[in-house]
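Engineer: Structure provided below as structure tokens; questions to follow.
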Amino acid sequence: MKRQGSPTRELAAARLSDVNDERPVLPGGAPARLSIDLDAISANIATLNEVSGNAQVLAVVKGDAYGHGLVPAACAALRGGASWLGTAQLAEALALRNAGVTAPLISWLLAPGLDFAAAIRARIDLGAPAVWTLDEIAAAAREVGETARVQLKIDTGLARNGAYGADWPLLVEAAARHTADGSITVTGVFTHLACADEPENPSNAAQQRLFADAVRDCERAGFALEVRHMANSAATLLLPEAHWDLVRPGIATYGLSPAPHIGDSAHFRLVPAMTMTANVTVAKRVPAGQGVSYGHTYVTADETTLIDVPCGYADGIPRSASGRGPVQVAGHRFSVAGRVCMDQFVVDVGDLPVAAGDEVVIFGDGRDGGPTAQDWADAAGTISYEIVTRIGNRLPRAYQGQVA
Ligand SMILES: *Cc1c(COP(=O)(O)O)cnc(C)c1O
């Protein structure tokens with residue numbers, strides 16, 4: 001039976017009213033908004049828990065929970081059965097602790113000079129890719145008078161963060177030294193895959209072999225490892241041999257497919273949690289031959305109705321989706337007409353009767369044929385991760401579903 005989070009304690013700090021007040025309501029209201037379905041996040045974690053067999057689930061909540069809101073999304077993930085949380089930046093891990101989240105928590109993108117003492121006091125596991133990191137953490141631990149929880153990060157082929165090649169044995173050696181004097185305890189070892197969304201790519205097996213060697217190195221050094229982990233969303237869903245003790249899904253937590261070329265959200269039994277909507281500001285009839293938006297890159301073919309949708313690239317609507325980004329109005333699909341502007345874009349809805357105030361769905365869970373964040377990613381030549389993460393910043397969010 002795998003260990004799962006215990007929501008009652010962890011969620012003591014979070015009620016729906018609290019999280020809905022987390023962001024200031026814009027004076028005067030907002031013409032476009034996000035709705036976040038916390039039950040979808042919980043259900044996605046339950047699905048990932050099922051798929052990952054005996055491994056526990058660490059919900060990755062970096063990047064403000066991929067734009068979904070750090071604390072409410074983290075609480076929903078714990079409620080769904082995640083036993084760990086993870087962030088890249090330390091500030092986000094500390095914010096979770098400040099919000100009352102007590103679940104096991106790791107932060108893995110550390111720069112020299114960060115407040116490691118605060119992290120140690122907050123019982124945050126620290127992902128260490130280099131000897132300097134261990135040295136700074138150990139010094140902070142001595143200052144605090146506690147033993148720091150550290151997880152060693154090996155670079156098995158992503159060539160990004162993590163100890164690479166000959167630096168790995170040096171990292172293990174330094175960790176053994178700091179363990180011997182009681183300043184750290186090595187609680188885990190982990191790595192990150194480069195091509196998990198291509199299950200047949202030979203780099204997956206190569207990374208797996210190097211990671212198995214690294215685990216043996218840690219065992220030989222006598223570290224009492226609690227968790228060994230390498231699987232992101234794609235590996236959780238597609239590479240069972242990469243599950244080890246703990247899987248680290250990020251994008252799948254929020255219901256988006258990590259491998260859209262293999263299957264969409266529904267294929268992986270995931271439900272997108274974020275819906276973005278806006279209200280039409282102006283609807284107008286124009287004749288055939290009217291150029292639309294900056295540069296007149298779109299020209300009406302017939303007399304038609306144009307609607308103005310009040311969100312733009314300042315809200316994270318990618319300008320590169322000009323002429324292509326999909327929307328749904330009254331159950332009908334349309335595309336952006338012409339260029340996306342800073343605060344608005346235009347849609348040609350033909351003869352559909354649309355009036356100011358009518359709702360436009362920018363993206364959502366895709367049921368009823370509506371557009372998804374993946375559709376916007378395709379339209380903009382990017383990945384769904386970038387769509388949801390960048391949209392998070394200016395729009396007010398309303399949370400649906402159960403928090404605690
Ligand atoms: C972002 C990240 C993940 C999650 O990746 P997804 O593709 O979103 O599942 C897991 N582990 C590490 C180290 C990461 O940086």
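Residue numbers in this text run from 1 along the chain shown.
Cβ atoms are placed via backbone N, Cα and C, with glycine included.
According to TrEMBL, the protein has these features:
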ACT_SITE  Lys62  active site, proton acceptor
ACT_SITE  Tyr294  active site, proton acceptor
BINDING   Arg160, Met342  substrate binding site
DOMAIN    273-400  domain 'Alanine racemase C-terminal'
MOD_RES   Lys62  N6-(pyridoxal phosphate)lysine
Engineer: Give me the non-local Cβ neighbours of Lys62 (active site, proton acceptor): same chain, 6+ apart in sequence, Cβ-Cβ under 8 Å, ordered along the sequence.
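Structural biologist: Those within reach of Lys62 (active site, proton acceptor), by Cβ under 8 Å and sequence separation of 6 or more, are Gly86, Thr87, Ala88, Gln89, Glu92, Gly250.
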Engineer: Work out how many Å separate Met342 (substrate binding site) and Tyr294 (active site, proton acceptor) at their Cα atoms, rounded off.
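Structural biologist: Each residue's Cα considered, Met342 (substrate binding site) and Tyr294 (active site, proton acceptor) end up 11 Å apart.
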Engineer: Taking only same-chain residues 6+ apart in sequence, whose CB is under 8 Å from that of Tyr294 (active site, proton acceptor), what do you get?
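Structural biologist: Sequence-distant Cβ neighbours: Gly338, Arg339, Cys341.
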Engineer: Sort Met342 (substrate binding site) into helix, strand or coil using the DSSP assignment.
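Structural biologist: For Met342 (substrate binding site) - judged by DSSP and reduced to three states - the answer is coil.
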Engineer: Looking only at the domain 'Alanine racemase C-terminal' (273-400), what is the mean pLDDT?
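Structural biologist: Average per-residue pLDDT within the domain 'Alanine racemase C-terminal' (273-400): 97.
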Engineer: So how many other Cβ atoms are close to Arg160 (substrate binding site), meaning within 10 Å of its Cβ?
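Structural biologist: The answer is 11 other Cβ atoms.
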Engineer: Would you count the other CB atoms within 10 A of the CB of Met342 (substrate binding site), including those on all shown protein chains?
Structural biologist: 12
Engineer: Look up Arg160 (substrate binding site) in the DSSP assignment and reduce it to helix, strand or coil.
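Structural biologist: Once the DSSP labels are grouped into three classes, Arg160 (substrate binding site) ends up as coil.
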